[in-house]
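Student: Copying in the features that TrEMBL gives for the protein in this structure:
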type    : residues               : note
BINDING : Lys127, Asn298, Arg392 : substrate binding site
BINDING : Cys449                 : heme binding site
Amino acid sequence: MIQHPKNSSFWNSVLLGVLTVVCCYTLQQKIQAERKKRAIQKEYGQDVVEPPYVSSWIPFLGKAPEMGKDPLQFIRKYSQKLDTPVFTCLIAGKTCHFIGDSHFVGIIYDKAKHLEGQSLKIYFFEKIFGIPPEISSKSYANPEHLKDSQANYRRLLTKEMIEPTVQTAQDIILQMIQQEFSEDQWTEVALHEMVFRAIHKATYTAFVSDAMADPSMLPYFREFDKGIGKAIKGTPKFLLKDFVEGRNKLLEVLRGEEHKKTVKDFLRSKHESDAKNGITPEESHAGSLALSWASLGNTIPSIFWVIAYMLTDDSLRTAAQKDLERIQLPQGESTTFTLEELDQMAALDSAFHEVLRMGALAVSPRDIKEDIVLEVKSPTQKHRYLLPKGTRIMGNVPTLHMDPEIYANPYNFQWDRFLKDSNGDMPVFTKDGKRIDAWRPFGGGQQLCPGRKFAMYECKAYACLLLSMLEIRIKPGETVPTINPHNGGVGAIAPEHDVLVQVRRKK
Ligand code: HEM
């Protein structure tokens, strides 16, 4: 085609204009970056730089879609590619730092003073309930509210609270076992479904309310739990119809009279503190739902995995059975277990640790309130990284829990990895010859999970009740899932599919 000379000079000018804009923009970015670097070095020293940046062509979302698919793989890929223990990228409109070296995973606990400890909750409130961060951060900044919540959480760790709640949970489980299974015939059930039903009723009866523990609530809780991961990643709510319906139904029950009448001590204290500290009803109910989810969302999959591995690993089942035989149980009657008896269940204890090493791989965001200067020393690098105020650290346990230099064959489930020695001490883990705090499924610092003891006792109690009361066998032909650490998201990893088991009560 012959081009008109006038037309071609027009397009040349357009091209020149675009090129000039691009060059000016790039130059301006370079100048800004150089100025920023100089300002940082002036303030903090010549060796201080920002961590390597991983850019993305997707506006706003940045690397969120890639990270969301497989957080563990994402972190490994970029820290190895850039040979750095920390890298930065854009995630859903926020500048985020990821930690690729086990030695630095504890930074979100060690640098707690520089961080907004409530970030996860503020984030949760925004993504799950649509409550803007400006509102929820104001409530969390209220010192009285914070003091009351922490005092209430601390109670969860006391024997006075754990003993009756573990007992209540066991009474419920025992009753369900007696009602659902007979001595004369095998009953076929889906294992995850069975654990879900029992632990939902047991935990909510212990901590939340009878109204929320009612089995009619189970489908709503399940849909809510299933959708949380997607909602956190920012999936539009119109694509999460069942999640929204489940959430709204649970909130409706939490607002209702039946809940108020049957609310348990732990949640009642929260309601009272919210009312006293001027927390809006909307926020208060959202907080109650978040707390109720925290008590259950991680516990159900963790207990499922312990039972599933117990059914497939003969050595674990035999060791747990032996521990159980050492406990003097009353002859011929079904019984629940005391905390002291559960403390003797060493094999289950170790298996629970191993399940959480592989399966509790949530990412924990923390917003930075004050600049952090991080000293990085590795065989290949020595400098200091600035993590500036206003950005976010994505705390991540996978880096630590799946580090082959700490745990040999990290993808193999080894139930005895955490067995205590004859003095009752836990095994010591090291990296580069240095002792390392290598097991952190419950977080750390101020936000260390206050439900950790209850979760451990509930898991062991459930396993002990099953072992002592039931014969369970996997239905022939069924495949049993195993933990896939690359499925990490929000909370403990759920199984990819359920498994049918056959159950009969022992005579
Ligand atoms: C296997 C089971 C569980 C796991 C793996 C787990 C894990 C965690 C983690 C990692 C955090 C810290 C989150 C952060 O980074 O901010 C946390 C906080 C929390 N957990 Fe758990 N949790 C479990 C069971 C429970 C149970 C049974 C309860 C209640 C009875 C509970 C109540 C809480 C509460 C209230 C917080 C917030 C603490 C605070 O912000 O001060 N958790 N949990």
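From the backbone N, Cα and C atoms, a Cβ is placed for every residue, glycine too.
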Student: As a check: which entries in Lys127, Asn298, Arg392, Cys449, the binding-site residues, place their Cβ less than 6 Å from an atom of ligand 1?
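Tutor: Checking each Cβ against ligand 1, the ones under 6 Å are Asn298, Cys449.
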Student: Count the other Cβ atoms sitting within 10 Å of the Cβ of Lys127 (substrate binding site), across every protein chain shown.
Tutor: 19
Student: Which of the binding-site residues Lys127, Asn298, Arg392 has its Cα nearest to the Cα of Cys449 (heme binding site)?
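Tutor: Given the candidates Lys127, Asn298, Arg392, the nearest one is Asn298.
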Student: Check the DSSP secondary structure of Lys127 (substrate binding site), expressed as helix, strand or coil.
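Tutor: Where Lys127 (substrate binding site) sits, the three-state DSSP reduction gives helix.
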Student: Specify the count of other C-beta atoms within 10 Å of the C-beta of Arg392 (substrate binding site).
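Tutor: So the number of other Cβ atoms within 10 Å of Arg392 (substrate binding site) is 21.
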Student: When you tally the Cβ atoms that lie within 10 Å of each candidate's Cβ, which of the binding-site residues (Asn298, Cys449) has the highest tally?
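Tutor: Result of the Cβ crowding comparison: Asn298.
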Student: Where the record says Lys127, Asn298, Arg392 bind substrate, what is the longest distance in Å from one Cα to another among those residues?
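Tutor: So the maximum pairwise Cα distance among the substrate binders is 24 Å.
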